[in-house]
Amino acid sequence: MRTYLDFEKPIAELESRIEDLRGMEKSADVNVNDEISRLEVKAQKLLSDTYSNLTRWQKTSVARHAQRPHFCDYIEGLTEDFTPLAGDRSFGEDEAIVGGPARFRGRSVMFIGHEKGRDTESRLKHNFGSARPEGYRKAIRLMEMAERFHMPVVSLVDTAGAYPGLGAEERGQAEAIATCTEKCLGLGSPLISVIVGEGGSGGAVAIAAGNRVMMLEHSIYSVISPEGCASILWRDAQARGDNKAPDAAEAMKIAASDLLELGVIDQIISEPLGGAHRDVKATIERLGDAVEHAIHDLEDLSPEELRKQRREKFLNIGRVGLA
Amino acid sequence: MNWLSDITPPGIKKIFRNQSDSGDTLWTKCPACSEMIFNRDLEANLHVCPSCDHHMKIDVTERLNALFDDGKWKKIKLPEVAVDPLKFRDEKKYTDRLREYRKKTGEEDAIVIGVGKVDGVTTVVAVQNFAFMGGSMGMGLGEGIIRAAEEAVSRKAPFVMFTASGGARMQEGILSLMQMPRTTIAVQMVKEAGLPYVVVLTNPTTGGVTASYAMLGDVHLAEPGALIGFAGPRVIEQTIREKLPEGFQRAEYLHDKGMVDMVVPRKELRETLGGLLRVFTRHGVKAKPAAKPEKKADNETSNVTSLPAPTAKANDTVSKSGQDTDGLDKAAE
């Protein structure tokens, strides 16, 4: 059963008519083939028109789509012998961030990423992808391990943000994020980061300060969620009951194309027509190809060269290519 | 709280509060104990309430004047950055907000960088200005911190960072978020040069600022009662739907939880910093031991004696201190 987003209603209607006709095709002897193919062409065009003109707020809902591929789907589709490793070795295990070594297209690679979960049970288990300090400290541990075994690190980002809870604060959420970012920047292995869904604030950047930063076409990456931004900067309008999150999404320029233009990311990985959720398998392959290329480009650099490249890349953000 | 406020009904208190707040610029009322303080006394006391020790906000320049020896320091100009690259507009235009705060504070952005001597040690000090858009972190602030780190490295001087911020500057969107890794690089540059990086957390320090350079110090000092955290208390209360415990996310709490080395009253800050900076910047200076170490018969201790002798006393005759390139530091002792 496909979940349609609000703005996909006209597409949903067309597709349900096509389904109805298919049903008739079997039961009656009327020839509906022509009508079906006519509607299919129309539906494809509508889908393509809609998805090439998504507003940033619509992209936000695509990025959060319940059927969008998650970390575990990429691991299953792209790797062999993935061994999930658990725990930060000082307090606990946080399943909002999953990670471990695996074989990926002929190489050993360390995969780290946020996992939001798919159903109620797994969402609770993964805390909806909002990590606590233990998650970031586990990520640090895995990055250090990768460095020791000269393995590239691939991080897949998909989080609304780090978890704002009492225990998380108590155990040093800010310190964990800061140190994880520092680890990314000082890593002697290639680090390739892909924003696959939501790149929410510090909780995202903590594992995304890579040599190569990419985004899936309809993913978003922002300093605060559109809702959070609206509640602070549009306080009056929000208090009157107006939803200003769409305005905040527009103003903050959170789409992949914006970030490429601002020089914050290096590459956009295009999604299948109608978004990643329409063709999960193709999305996974495309991400795999982009990651493989990036690893190939970086794997011959020395640890020092990798650190230097990363540092220059981040120092150039805002200095180069802005009006 | 004094005995009077304990027995006065809230309604009555309100009447008096309104009266005392109106128009009188000679006096300031302590927000914690409601004591009326003569402004000149408050300034002399570095904006700490003389009756309850509540630490109020202190102007950036006043802080730097109080910190540097004889109030002497050189201001370092902030690098220029692209203005409003997102063409951001909420209920107001970002460029208008910027202009307003520049006029109000006389500063270019939410940070002031100074270099001078702290208790004899040449030091680069950056202070975040909460009065400038809540000390928010944007490109101007990020470049400022990088600039301050470079200044520290080129002078071989320690870097002291006073934090005060509500977090990221949303009007700069993702470019604001990118200051987290960028300022982290600044900290790495100082650390790689073997120089100390000391953070002084002041009220409030939250959000992306806490989750980057504010939590990466060699040493973390904090002012009493300062609110320090990643998520703001309001957000946490909404998430967990509970009232937060008294003192949560305050400097003393972070000290108890192992995130802050010391909670230091503002008046003692200069001395504490001075002591730390002297120890860190002179660690390589070798001094002659006061007396010859005793020789012992067994092999184990004879190994120990081959290690560098313990420093009994700082010895001024050795001038190579490993910092101080400009001669500013000669009067240190």
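Positions of Cβ are set from backbone N, Cα and C atoms, glycine also.
Heads up, TrEMBL stuff is auto-annotated, nobody curated it.
Per TrEMBL, the stretch carrying the note zinc finger among B:30-52, B:214-236 is B:30-52. With every protein chain in view, the residue among the binding-site residues B:Cys30, B:Cys33, B:Cys49, B:Cys52 whose Cβ has the most Cβ partners within 10 Å turns out to be B:Cys49. Note: the Zn(2+) site is recorded as B:Cys30, B:Cys33, B:Cys49, B:Cys52; in the same chain, B:Pro31, B:Ala32, B:Ser34, B:Glu35, B:Ile37, B:Pro50, B:Ser51, B:Asp53, B:His54 also have Cβ atoms within 8 Å of that site's Cβ centroid. Look at the zinc finger (B:30-52): DSSP puts its residues at 6 helix, 4 strand, 13 coil.
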